[in-house]
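Everything below concerns the one structure shown next.
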Amino acid sequence: MTTAAKQDFGLLPRVVNGGIAGIVGVICVFPLDLIKTRMQNQSKIAGQPAAYKNILDCAVKTFRGGGLIGMYRGSAVNILLITPEKAIKLVANDGFRHLLKTKDGSLPVHRQILAGAGADSTQSPNARQLALQLYREKGVLGLYQGVGATFTRDVVFSMMYFPLFAYFNDKGKTPNNNQVPFYHSFASGIVAGAISAFLATPLDVVKTRLQTLEYKSRYSGMVDCASKIVAEEGASAFFKGSLLRVMVIAPLFGIAQMVYYLGLAEAMMGLKPLGSVS
């Protein structure tokens with residue numbers, strides 16, 4: 001890539017925007033993520049009622065138990081993990097889209113999908129849940145339990161999400177300056193995130209089974225896990241928790257994309273808004 005092309009791409013402001021987007025996204029969505037985690041981890045002891053009847057019941061009990069501060073318990077760790085992840089993913093996607101453009105400046109769908117896959121491949125898979133317990137029981141290698149499934153899930157998600165976001169976002173471009181209103185980027189991120197999160201749920205279920213201490217000893221790998229789920233629980237089991245997953249991921253990416261393209265870094269640096277790479 002030439003020096004001029006690098007300047008046109010605007011790497012530094014995109015990195016700053018990505019970091020800000022990650023922080024804002026986590027702060028806004030963390031309570032939902034906390035509720036999702038508690039719903040998924042609640043005890044299933046026979047003869048005893050579940051800790052939470054439904055999502056609303058879980059939210060009310062969580063708030064009553066710790067107030068607003070309690071809704072953000074553990075958020076610092078998430079911010080430290082997700083902020084660089086989102087910054088890398090958002091900037092890398094734009095970078096790959098920039099590099100994969102054809103000579104006439106167009107970007108075919110198959111290249112958009114490749115850019116999305118490349119964006120996710122640049123980030124290291126991370127296990128935010130059960131990491132400490134896995135380390136204590138299995139050592140360092142235990143932290144990498146289910147890494148292949150996590151990597152596959154994230155890459156497939158990004159291959160769907162980023163082309164979908166670009167498609168919806170481009171529909172909001174104004175004819176005079178080719179810019180997209182922030183609210184349109186927000187809506188585009190939510191819709192693309194919801195679709196991609198739902199369709200990637202089967203891979204998320206496999207990943208969760210391989211990482212959950214209660215189940216992981218039963219499976220020898222991704223294929224074995226998927227086969228046993230179908231045989232023992234039916235195909236519908238692959239979409240367990242899909243609503244909760246959509247409720248967390250859709251607003252997270254909507255907020256992150258909106259903040260990413262607001263141009264805060266450009267404003268601080270005295271630059272013109274960079275906008276999306278289309």
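From the backbone N, Cα and C atoms, a Cβ is placed for every residue, glycine too.
Nobody curates TrEMBL annotations by hand; they come from automatic prediction.
TrEMBL lists 9-99 (among others) with the feature repeat 'Solcar'.
For the repeat 'Solcar' (180-267), the predicted model reports an average pLDDT of 87. Per TrEMBL, repeat 'Solcar' is recorded for 180-267 (among others).
What TrEMBL lists as transmembrane segment is 15-35 (among others).
Feature annotation from TrEMBL assigns transmembrane segment to 141-162 (among others).
Residues annotated as transmembrane segment in TrEMBL: 182-206 (among others).
According to TrEMBL, the feature transmembrane segment maps to 243-263 (among others). Only residues 6 or more beyond the boundaries of the transmembrane segment (243-263), in the same chain, are considered here, and those with a CB under 8 A from a CB of the stretch are 13-14, 17-18, 20-22, 24-26, 28-29, 32-33, 35-36, 39-40, 55, 86, 90, 161, 165, 169, 180, 182-183, 185-194, 196-198, 201, 204, 273-276.
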Outside the transmembrane segment (15-35), six or more residues from its ends: residues with CB under 8 Å to it: 55, 58-59, 62, 71-75, 78-79, 82-91, 244, 247-248, 251-253, 255-266, 268
